[in-house]
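Everything below concerns the one structure shown next.
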Amino acid sequence: MSWWWAGAIGAAKKRIDEDEAPRNYESVALIVGVTGIVGNSLAEILPLSDTPCGPWKVYGVARRPRPSWNEDHPITYISCDVLDSVDVEAKLSPLTDVTHIFYATWTKRSTEKENCEANGKMLKNVLNAMIPNCPNLKHICLQTGRKHYLGAFEDWKIKRHDPPLTEDLPRLDSQNFYYTQEDILFEEVQKKESLTWSVHRPGTIFGFSPYSMMNLVGTLCVYAAICKHEGAVLRFPGCKGAWDGYSDCSDADLIAEHQIWAAVDPYAKNEAFNVSNGDVFKWKHFWKVLAEQFGVECGEYEEGKEVKLQDLMKDKGPVWDKIVRENGLSTTKLEDVGNWWFSDIVLGNECWLDTMNKSKEHGFLGFRNSKNSFISWIDKVKAFKIVP
């Protein structure tokens, strides 16, 4: 049994021999969203020598120039705006050797209707450029998420399914760009014989990417670093249900492993799967872990005194600039590394748990210890000098 089905924390931190002779690759990946929280893990894991059907040749696509924290990955980096069909056609259609597409990106708009339009267009642009031009294209992995079962953020109070959330639950009666993406995927794969697909639905992701719009661990690290700098208590910015109730999460490396499994295992084709760590935790316990990692006083949930990170952090830009200067950190702006709105949603609501039974029934036995996962990603945020 390979390491990615054994749940090894940090297994992807192996290094590739830079003097290794060039080889002919049977597997060629296109990662769309390579600087995202899962795309970054895919870029680290796919090129490893013991990855199934690997090592892989990897193309990585992102809108912005390549960041320094992504430079060690042995991939071909392509800066491309996938909302721009002309840019996509020019830069992606020449990649005729691609065998697998890992689509792990999204864009945020002010309404779900606009989310559907923009995110649908992005996916369609990529598939229109790749499917007709890649004769050996075998499989497309589409990453969506648990909002498939819960609804869009703007519809957060609609009637939802009763957990545990299973893959066979019907769609909610509301707009959801995940549904738009799935429909586009199902339509486009029909255009090429034997082309298969998989859909992956993680929960709250623990991982590393300063560019991610939904980076909970990185955001909490920034919050804790500011509390440490100011000598403040690490107050819990959430609700009682999140503090006392059971939560789960999805390790970014585990999600990457899950997608690779679905891409190469015949028994995982043409299916949608949940992907979470396989255990549960309480934020009141993880809050102590976070406080210990930064040497700050741990706060508690305060009944009737709920706070939001968006409010606590709204004037902290100059404080963050000072922390960056004094500690020689990578140059970042607070608004780039602090996803306060997302953290407030996660910690301001009870967690709706899913189940991994379907993945296990189809042969994926990967898991993570969520506490160890949390600590390992905090360590990585520190190692790349995002926080002191």
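Note that Cβ sites are derived from N, Cα and C of the backbone, with glycine treated the same way.
Applying an 8 A CB threshold to same-chain residues 6+ apart, the list for W106 (NADP(+) binding site) reads G33, N119, M122, F177, M213. DSSP assigns W106 (NADP(+) binding site) to coil in the three-state reduction, outside any helix or strand. Annotation comment: Swiss-Prot describes 35-37, 63-64, 81-82, 105-106, Q143, Y178, I205, 212-214 as NADP(+) binding site, evidence class similarity to another entry.
Look at K147 (active site): DSSP puts it in a helix. Remark: K147 (active site) has F153, N176, Y178 as non-local neighbours, by Cβ distance under 8 Å and separation of at least 6 in sequence. The active site annotation in Swiss-Prot covers K147 (among others).
Per Swiss-Prot, active site is recorded for Y178 (among others). Reduced to three states, the DSSP call for Y178 (NADP(+) binding site) is helix.
Cβ contacts within 10 Å of I37 (NADP(+) binding site), excluding its own Cβ and spanning all protein chains shown: 27. For V82 (NADP(+) binding site), the Cβ neighbour count at a 10 Å cut-off comes to 25, with all displayed protein chains included. Other Cβ atoms within 10 Å of the Cβ of S212 (NADP(+) binding site), summed over all protein chains shown, number 24. Long-range Cβ neighbours of R64 (NADP(+) binding site) (same chain, at least 6 residues apart, Cβ-Cβ under 8 Å): T35, S79, Y211.
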